[in-house]
């Protein structure tokens, strides 16, 4: 009699097994759901990373979606040349050819209507082409660290012939280069390596930061973007503040925040291509007066990496996963995101007791 297992005991054992199985299934499901928060100061490349996820994991932009970016490409191109011309006045740079002053006046007369209508009329394209070819305009462009200018300025202006054609349809690369300030929170979903990603792109300008906080709960990992090339620039919203210093301040507050004790922090030192071009003629001491190394890519980039990683106050328990990126280079982002995903899988399984 004592050795007989009662029906109640059998049922209880079965219930227990089901609960264990459900818990394990829930754990595995939780391990497959990834909430990624993209953080960083304004213009650090967060939105470009989101666009790359669409290209890499969601079959990219359709022809119709690319067409919808046409007006943004035109606006970015017009705004860029206008910013350079305005800066010439402030920096007291003359046109190489004095007749370009008439073109500048015409630019400002035509620009407003063109932007409102999302078009690039032939007369405006010709004006921009002549201005961009001027030696004085090029001299001002080479001093762009002294004023606010889109990173994509040269990309669009050098390709004006193609962009201004009547049958122009933006390419994926054109779309990647577009700049639209992110306001609020943009959510993207995709699946990769059997993981279901929810990626949140959050506006980086100071006025946007108060909107971040309610996104923080249950975050798997934070990708923090830094524009390496911003070491010699000031903020658009505060011309006294160096952009790299602002980025470091923000990273410090995120990395050492009690909310993120168990959150993987992935650091994207972005715009490495622009940094490599710039470091040769614009010394790192502009940002870090104590720097004594060479103004060469490897040494200077390594120094910036150590400055950010040294902000981590929990080095013994928290690792920062750093990658050098070029957000407009699809192959580079694909390679880096593959490595990031492997880290997330490992850490997720560990958290769920499955590793």
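Cβ from N, Cα, C; glycine included.
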Item to complete: From the ranges 258-265, 266-273, 274-281, 282-289, grab the one Swiss-Prot calls region 'G4 motif'.
Response: 266-273
Worksheet item: When Swiss-Prot marks a stretch as region 'G1 motif', which of 7-20, 21-34, 35-48 is it?
Response: 35-48
Worksheet item: For the binding-site residues 202, 327, which Cβ has the most other Cβ atoms within 10 Å, all shown protein chains included?
Response: 327
Worksheet entry | Same chain, 6+ residues apart, C-beta under 8 Å of the C-beta of residue 176 (GTP binding site), given in sequence order | 48, 51, 52, 55, 327, 328, 330
Fill in: For the region 'G4 motif' (266-273), distant same-chain residues with Cβ under 8 A (at least six beyond the ends)
40, 44-45, 49, 151, 221-230, 251, 297, 301, 304-305, 308-309, 320-329, 336, 340, 343
Item to complete: Look up residue 176 (GTP binding site) in the DSSP assignment and report helix, strand or coil.
Response: helix
